[in-house]
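Heads up, the thing below is written out as structure tokens.
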């Protein structure tokens, strides 16, 4: 028996509609187009055209698969992504339109379009042809749609793509042939970074599995029953992949390299925190067409470039290991600081860190921020923190002025400046931590009634600082009759002990910020 295109489509539409398919008419036409190999326009115009028995039989078989909720992309074996068709099957995740935002972001970065307020596909790529070569790593390539789209859009790029699934790699390789990019891509069977040796990349990109197992009951039948779970679900409430990437990515990035990741629409805060904890900057979060957070742009804090690596004695292997592995977890950033609810104390120039780490140990409910340019002292703090399980601190191994803009006004409960370099010679005095301009800045960072503690074993310097404080007029000196009395929980540091041995007397000035408003 023969049926017309109209009859077949109407029948299919009714069946698909009954099981809740969102666009039954469109899907029916897609299936029929796949069977007849005729354009959609033909099926719309020639509604009375009769179909052959072979075409009807083939269509019914495909329709039965769709009525079992098998995704239409798996039935046809094709899915469009970034205006190109990609081969797909049950071994790879079906490309989603939301992931196209990731492509937009990478293109924008590569062509120096860093201010992507809205993501839109680039139609003219003449400017791309003149850019520098970019070496890109994609983790978990699946069908290869991300890597191949980037290669097609950006002629001066090459890609190494990894995947743990051998079957997925077969699909990706088929797509590289389909889109003629085999000479610019290497696909490696690897679990994340395992088989990458010591290669370095300008960009690391990934759409990793990020769905929590607890969300399975909420997912569409098409997804949960047919798409590969290894590409969908992750442990740690869907965040496992981000932890793996954060832990390992730095060693594979070139200087100034970046990481571009797709994220779940409600995961931005948690993913940001993971990367902040590992010593990265969050450069930008991009939204999809539904205004959901979808793609995150990340760059590592590069200690060799961004931080003053001053070293007193040569660093031991243990110290270097602490700086490499532990310091990123405790690096100060304004993002970490923004949501802080605890009392906050800042110590400027903490030396070897004895006072700093002791204060943190005694006051576990207070956050201590330490500024110190000498990495020997930074490493010493990290060592003692690990030994005593102290975690209520952040470190800024750089010059003080570089952190001040990121400290909000009225945010600090106290500031310690203990035994700073006195810079005795007049022409060097402008280098002192406490000068007129910097004192004005620091007082604004203090809460009203917050404390500033200053100590020195150089008598002239101490009394010159008292004069500076009195000229400022916004501090009250506590215990001005007894400058020998230190503040609470003070311990004698190695430097202080050295001063005692050399017959120099340490004096302490405890100040209370007395300004009634900023």
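Backbone N, Cα and C define each Cβ position, glycine as well.
Features of the protein shown, as given by Swiss-Prot:
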REGION    1-300  region 'HemK'
REGION    1-302  region 'RF MTase'
BINDING   140, 141, 142, 143, 144, 163, 192, 207, 347, 372, 399, 421  S-adenosyl-L-methionine binding site
BINDING   207, 208, 209, 210, 425, 457  substrate binding site
REGION    301-518  region 'tRNA (guanine-N(7)-)-methyltransferase'
REGION    305-518  region 'tRNA MTase'
ACT_SITE  421  active site
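Swiss-Prot feature annotations superimposed on the structure.
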residue	record	DSSP class
142	S-adenosyl-L-methionine binding site	coil
207	substrate binding site	coil
347	S-adenosyl-L-methionine binding site	strand
399	S-adenosyl-L-methionine binding site	coil
421	active site	coil
457	substrate binding site	coil
For residue 208 (substrate binding site) and residue 192 (S-adenosyl-L-methionine binding site), determine the Cα separation and express it in whole Å.
-> 10
Do you see any of the binding-site residues 207, 209, 210 whose C-alpha is within 10 Å of residue 140 (S-adenosyl-L-methionine binding site), and which ones?
-> 207, 209
Counting Cβ atoms within 10 Å of each Cβ, the densest environment among the binding-site residues 140, 209 belongs to 140
Looking at the binding-site residues 207, 399, the one with the fewest other Cβ atoms inside 10 Å is 399
Provide, as an integer number of angstrom, the distance between the C-alpha atoms of residue 209 (substrate binding site) and residue 142 (S-adenosyl-L-methionine binding site).
-> 11
Rounded to whole angstrom, what's the largest C-alpha distance between any two of 140, 141, 142, 143, 144, 163, 192, 207, 347, 372, 399, 421, listed as binding S-adenosyl-L-methionine?
-> 60
Work through the binding-site residues one by one (207, 210, 425) and name whichever has its CA nearest to the CA of residue 142 (S-adenosyl-L-methionine binding site).
-> 207
Measuring CB to CB from residue 144 (S-adenosyl-L-methionine binding site), give everything in the same chain under 8 Å that is also at least six residues away in sequence.
-> 86, 161, 171, 172, 173, 175, 176, 185, 187
Largest tally of Cβ atoms lying within 10 Å of a Cβ, found at which of the recorded positions 347, 421, 457 | 347
Neighbourhood of residue 425 (substrate binding site), C-beta criterion under 8 angstroms, separation at least six | none
Residue 207 (substrate binding site) to residue 192 (S-adenosyl-L-methionine binding site), Cα to Cα, whole Å, comes out at 12
In the three-state DSSP scheme, residue 192 (S-adenosyl-L-methionine binding site) belongs to coil
Name, in the order they occur in the sequence, the residues of the same chain whose CB lies under 8 A from the CB of residue 192 (S-adenosyl-L-methionine binding site) and which sit 6 or more residues away.
-> 139, 140, 162, 164, 244, 245, 248
For substrate, with binders 207, 208, 209, 210, 425, 457, what's the maximum Cα separation in whole Å?
-> 61
Model confidence over the region 'HemK' (1-300) (mean pLDDT, whole number) | 92
Return the residue, from the listed binding-site residues 142, 208, with the maximum count of other C-beta atoms within 10 angstroms of its C-beta.
-> 142
